[in-house]
């Protein structure tokens, strides 16, 4: 689910922390991708013209494999070395969110039964999309045949992606979930696995610039995320993004905010949830269950052409000519290796408050300018 309203806060207060770039800008980068989120996207977006999921004659869904194969190829074509991270066992605190999703699913199934209009049916069907263990297993098998490394995280995939980026194994974590920032990935890439047809630039969020711009510590930023609403516990009803940021800045921590509310100084406008496990949620962000990066060896291998054709073409009925063309692209891209970028020789220099304020003002002015060209950075 991510963090409600966090993207809006960053866009409003620190737009300079977000760089919109073409995929070519990440040539030579290694990136850790949230596999579960990507598979969900593929199941939602990769469809036939009538809106139905791609499938074999026997009814087996193949949208996830089509998306995984061709979106990964696009990255390889542009000099990116992807590795995928799959979710492990969800933390106990997440049962709160999983229960909510289960309840919503029951409601959606009812709406689907009642739907008469075809467009409404497709809308409700998309809401019922769920990544199954079979989808995950098939995606892992495909990645193995493609020669693309993958990891199964002990817990949350976003946390493991962030850890790989923090430890320098990869440049950035890629996910649509904004809570990846709470695990303090240096950079978060959004829209990386979107289709080329969408023409959506990749959004690169610099975590350090976000913290500087909001004038928050990492711990305070995590507390802000919990107040906005995360997967691990409910939020305080009635407190939206503007108020949440104001309270964190004024009081500095959730402990102080809870004390402020329960003392009656907030005029009883809000009520803290009973037995609110905000500290446990905080620890899941600050000290997540991840594999030590030193124990992970990311290696990109030559694709297994014969088995790829057998799996995708003979078993899943993909177009053989297109798959063979894709394999050639894969062989070429993986053979070339990761080229060294010139900016890799230079240490990142933190921006001063004045520089950050100037950049933020410039970014805000650009957003307000009419007749935007829509061009993205090529770096």
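Backbone N, Cα and C atoms are what each Cβ position is placed from, and that goes for glycine too.
Features as listed in Swiss-Prot:
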- 1-105: region 'N-domain' (REGION)
- 34, 87, 156, 158: Mg(2+) 1 binding site (BINDING)
- 47, 71, 156, 229, 231: DNA binding site (BINDING)
- 120-251: region 'I-domain' (REGION)
- 177, 179, 231: Mg(2+) 2 binding site (BINDING)
- 338-346: region 'Interaction with PCNA' (REGION)
- 360-379: region 'Disordered' (REGION)
- 364-379: compositional bias 'Basic residues' (COMPBIAS)
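Shown here: features listed in Swiss-Prot, placed on the structure.
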{"residue": "34", "record": "Mg(2+) 1 binding site", "Cβ within 10 Å": "29"}
{"residue": "71", "record": "DNA binding site", "Cβ within 10 Å": "21"}
{"residue": "87", "record": "Mg(2+) 1 binding site", "Cβ within 10 Å": "20"}
{"residue": "156", "record": "Mg(2+) 1 binding site", "Cβ within 10 Å": "29"}
{"residue": "158", "record": "Mg(2+) 1 binding site", "Cβ within 10 Å": "32"}
{"residue": "177", "record": "Mg(2+) 2 binding site", "Cβ within 10 Å": "24"}
{"residue": "179", "record": "Mg(2+) 2 binding site", "Cβ within 10 Å": "25"}
{"residue": "229", "record": "DNA binding site", "Cβ within 10 Å": "22"}
{"residue": "231", "record": "DNA binding site", "Cβ within 10 Å": "22"}
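According to its DSSP assignment, residue 158 (Mg(2+) 1 binding site) is helical. Among the binding-site residues 87, 158, 229, the ones whose Cα sits within 10 Å of the Cα of residue 177 (Mg(2+) 2 binding site) are 158. Counted with DSSP, the region 'I-domain' (120-251) comes out as 71 helix, 15 strand, 46 coil. Inclusion criterion for the binding-site residues 34, 71, 87, 156, 158, 231: a C-alpha placed within 10 angstroms of the C-alpha of residue 179 (Mg(2+) 2 binding site); this criterion is met by 158, 231. As a summary of secondary structure, the region 'N-domain' (1-105) carries 55 helix, 19 strand, 31 coil according to DSSP. The shortest Cα-Cα distance from residue 156 (Mg(2+) 1 binding site) to any of the binding-site residues (71, 229, 231) is found for 231. Straight-line distance linking the Cα atoms of residue 34 (Mg(2+) 1 binding site) and residue 71 (DNA binding site), rounded to a whole number, equals 13 Å. Between the alpha carbons (Cα) of residue 229 (DNA binding site) and residue 87 (Mg(2+) 1 binding site) lies a span of roughly 20 Å.
Looking at the region 'Interaction with PCNA' (338-346) alone, the prediction's average pLDDT is 55.
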